Every structure is written in C-alpha cells, then in structure tokens.
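As recorded in TrEMBL, the features of this protein are as follows:
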- 14-33: transmembrane segment (TRANSMEM)
- 89-110: transmembrane segment (TRANSMEM)
- 117-134: transmembrane segment (TRANSMEM)
- 140-157: transmembrane segment (TRANSMEM)
- 169-189: transmembrane segment (TRANSMEM)
- 209-229: transmembrane segment (TRANSMEM)
- 266-286: transmembrane segment (TRANSMEM)
- 293-309: transmembrane segment (TRANSMEM)
- 345-363: transmembrane segment (TRANSMEM)
Amino acid sequence: MTAQRGTVQGGRPLTLWAVWLIATLVASLPLFVSSIPPLGQHFYNIVRIDILAHPVSYAGDFVVRWDPLPDLAMDLTVPWIAKLMPVEWAAWLFIVVELALISSGCLILSRALNGRWSWFPLTSFLLLYNWILIRGYDNFLFGIGLCLWAIALHVTLRRSTVARIAVSSCSALLIYFCHLFPLAVFALVTGTWELGCLLQEDKFRIRSMFRHASATLVPLILPVVLLAHSSTGGLRGSVDFGFIHLFAKVSRWLDVFAIGNPPADIAILASLGLTLAVGFLLRWWTCQPECRITVIALPLVALFAPFSAFASYGVVERCALSFAFLLTALVDVRASRPRLQRAGAVALTIVFLFRIATVTADWRAAKPAIQAYRATFASLKSGSVLFQYKQDTTYPSPRTAPDRWNPYLDKVVALATLDRVLVPDLYLKAGQQPVLYRTKNAALRKFQDDIENGDKAFRANDDMLRAWAADLQKTFPDLPTRFTEVYLAVFDPQRRLSETLAGWQLVATLPEHRLYRMLPR
C-alpha cells in the first residue's frame, strides 16, 4: 500500500500484524510469570468472579443481584470460563485479552481514520503497563479496547448513516456493559469526529447536520435509558473539578504512565516526551482534517475533567490514559528525516523491551509473596472472619512513592475469601457490582469501609491501631460466637507499628502484613 503524500510509508498489513503479534507476546511475558499478578483490585475481581461462578458455595455470606450495571465486562464473561479452569487463570486470560484489544484497537482505528496502515500506533505498546493497570481496573481497560474498535467501525461506515447508527448502537450497548467511562470516550470521539466531518462539507445543510447529529446521539439512547433504570443511576457523590489545580492534573497525566519502577518509568516518560517534542519541532505530526477537533478536544477534556465524580476516582488519570491510546491512532507521521525516524523507532523499541523486562522481574519477585499469602490463608479456619487495618490509607503517586505500588498488595487479603473466610474489606458496592454482602454482614463491611475510606487519609500509629481494635471488639461483641475465629491483617509494609497488640495473638508475619488472631475475652 502506498503512503499518502507527505506521510511515512505505511507497512504491509501482514507484516504489520505479524509485528503486532510478536509485540503482544512480548508484552504478555510478565503475565506468564504468575497466574495472579500484583494488580490491586484484580484480587477483588478474582474473588467476585469465583462467587459468580459458584454462587451456592458463597450463599451464606453474599447475594447476587443482577441489574443493568455499566461495569460488568468480567462479570458477564469470566465466570463461564471459570467453570472450565481455575478462577485465577480465567481472570488472567481476561487481562491478556484486554491488552490485546487495546493495542490492536489502536492499529485498526489508525487504518480507519487515515486510510492506510501505519507503524505509529505500535507506540501504544509503550503505554500498556500503566498506573490504571496496576490498580487493577480490568473492566475499564477492557472497555477502552472495545471502544477503540467501535470507533474504528463507526469511521469505516462513514458513507452510510443508517449503517453507522445501527452498528454504533450495538457497540455503545456493549461498551456500556463493560464500563461507563469508555462509553463517554466513545461519545466524545464520535461526536467530535462527526462535527469535523460536518465542517469539512462544502455547503452547510440542515439535513446534513441532522444526519451527523443522529449518528452521534442515537447510539447513546439505549445506554442512557439503561443507566437511568439501573442502581448505578442512583449513586450520588461529590464532583471535585479542581479548576485551580491544573498543574496537579498535569502531574496526574505523568503519574498514569508510572508503575513503581523508577528506571523504567523515567525511560518511558523521557522517551515519550522526547518523541513528542522532536515531532513538534520537526513538524512530523499531522492528522486528517475531520479529526482536528477531536485532537484539540482530548487534552482540554483531560485538563478540565474532575478529579472524582459520582463515587468514581481517578477520572483525570483515566482521561490521560484513554486519550494517549487514542492519539497513537489519530495522529499520523509526515515523511521527514527518515534516518532520524528509524533511529527513533529503534530507541522506542528498546525502551519497550526494557519496560517489559523490568515488569517481568518485578512480578517474578512478587510471586513468592503472593504464594505466601495464599498458603497462609489456606491455613485459616473455614467459617472465620478476616478484618484489615491499613497503617497507610494514602494513595501517593508511583513516581513519588514507588515502593507503595511495586508490588501493590494492600488488597491481597481478599484472596482469603477463596478459602471460605469472610473478608469485609471486599469492594462490593450497590450500583457498581452485582455481588453484595448479605444484610447480616453489611455492618461489618461498613465498619471496615469507614476506617479505610473516611473523609481524611492517614498514616496510623500504635495508639490509633489499638483504639480501632478495641472499637471493633466493642461494636461487635458477638464476633467469637458468629465465626470460628476472628483474624486481623495489619497492612504495614514499612513495619512502622509495634508487633504487640493487646487482645490479639500474632500468628503470621507476611510480606506486607501481620496476621493476628483475636484472643478469648
């Protein structure tokens, strides 16, 4: 295929997809180290999937309540796979698919927008290991991958408004059930692209405006109706726009590409920043006329997006990551100084390999720690309860506190649920998950949630821990009669708290926790 005038020669499809396949296999190497990667909420996801796959086994502590929630990518698919293989491998497979969806989506979207195959979308591989992945937001990432493919389909059908509306209506519905945020990204990109197409037409006609508006809005009707009738639609929460904290938002843009390995994080940020700067100085970057509004809108939305909204956090980081993937497809490269461009491509490839090598090494080092937790949880009494107390409830950036995120194990206690231990710390919230605690356990969950997600984050001392443990026993004096044992996992990776805790016996010292058993009173 020949390149458009003034742009870098595109690759042959077979060659390009062969390189994509090799890069995907390389990018998956860290996942082959362990069936349970250290990915924050992924621990929650594994437990929730096992509950959905075997609801009868967990019926005493949890209830499944389906409704049209916009956060069900794993919940609708992985439980079926978990019936055929261990739940951790089913969840592992989901991560592999979500990463492949994102990188291939960038490639196919670039082809749809620019009318030719390009090597530039392969830079998306540099972005695959990010703070959002480390936090374990699997449904969100899967939805972004699906969103990229859906936008490509929308653009490909540019000659038929009816077909575009029909296909995008189905796409929007699928994205909605994956996650609500990717649906907003889909609406933003298709809407600005339709506006760009309208402005490129020779004459402004009402009929044409109606056609483009319909292609933008009609696909969103059913998702909006479902949202209004779902429990998610009833969620309330403050919206923190932070208009005067614009530099803090730019800092969050950088944070999202860090994962807690300083050398690799610096290499990623430096290589991307240098590539962006050189491209601007040498005027390499270009895009299709109908995409210009989209390219302008993306950084503006990321800059003015709220820090949090309606019980959802990390909005700025999600914007930055989503839009970075989109820009690898929206932007094309002008043919200029081919030797320098080839050298840049080689340098970015080396940085990618360095990133994968460091992640693989880090996850291999974390594997024995996760295995130690699994072995300890298997030794706990069935029918017991396990609370968690975090010495540090702050969430610093992986750029400023890499040890906090590498490995990220403050949610690993969730895995005790697989051994029939009730863990009140699971993130199960009406309007966001189809699995909920039974009423008899709701008070335990609220007590646990109040200490972790209060109005202010904190770094606890010994007095705070003792006061909380005493309050736990005072609030729930019937714990010893309700459960076979009562355990407490104290998250204290820096070992800042004393080992001695009155009324509790230390039974295990784990990589980032101390495990205690409540003594008879």
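Backbone N, Cα and C define each Cβ position, glycine as well.
TrEMBL labels come from automatic prediction, so no person has curated them.
Keep in mind the model is a prediction, meaning the values are calculated, not measured.
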Beyond the flanks of the transmembrane segment (140-157) by 6 or more, those residues with Cβ under 8 Å of it: 73-74, 94, 97-102, 104-106, 108-109, 111-113, 132-133, 163-164, 167-168, 171-172, 174-175, 178-179, 181-183, 185-186, 189-190, 193, 215, 318, 321-322, 325-326, 329
Within-chain partners of the transmembrane segment (169-189) [C-beta distance under 8 Å, separation at least 6 from its ends]: 68-73, 76, 139-140, 142-144, 146-147, 149-151, 153-154, 216, 218-223, 226-227, 232, 294, 297-298, 301, 312, 315, 318, 322-323, 326
Distant-in-sequence neighbours of the transmembrane segment (117-134), which means Cβ under 8 A and at least six residues beyond its ends: 1, 8, 10-13, 16, 19-20, 23, 27, 30, 38-40, 99, 102-103, 106-107, 109-111, 140-141, 255-260, 268, 271-272, 275, 314, 317-318, 321, 324-325, 328-329, 331-333, 345, 348, 351-352, 355-356, 359, 398, 405, 408
For the transmembrane segment (345-363): best-contacting stretch of 89-110, 266-286, 293-309, by Cβ pairs under 8 Å: 266-286
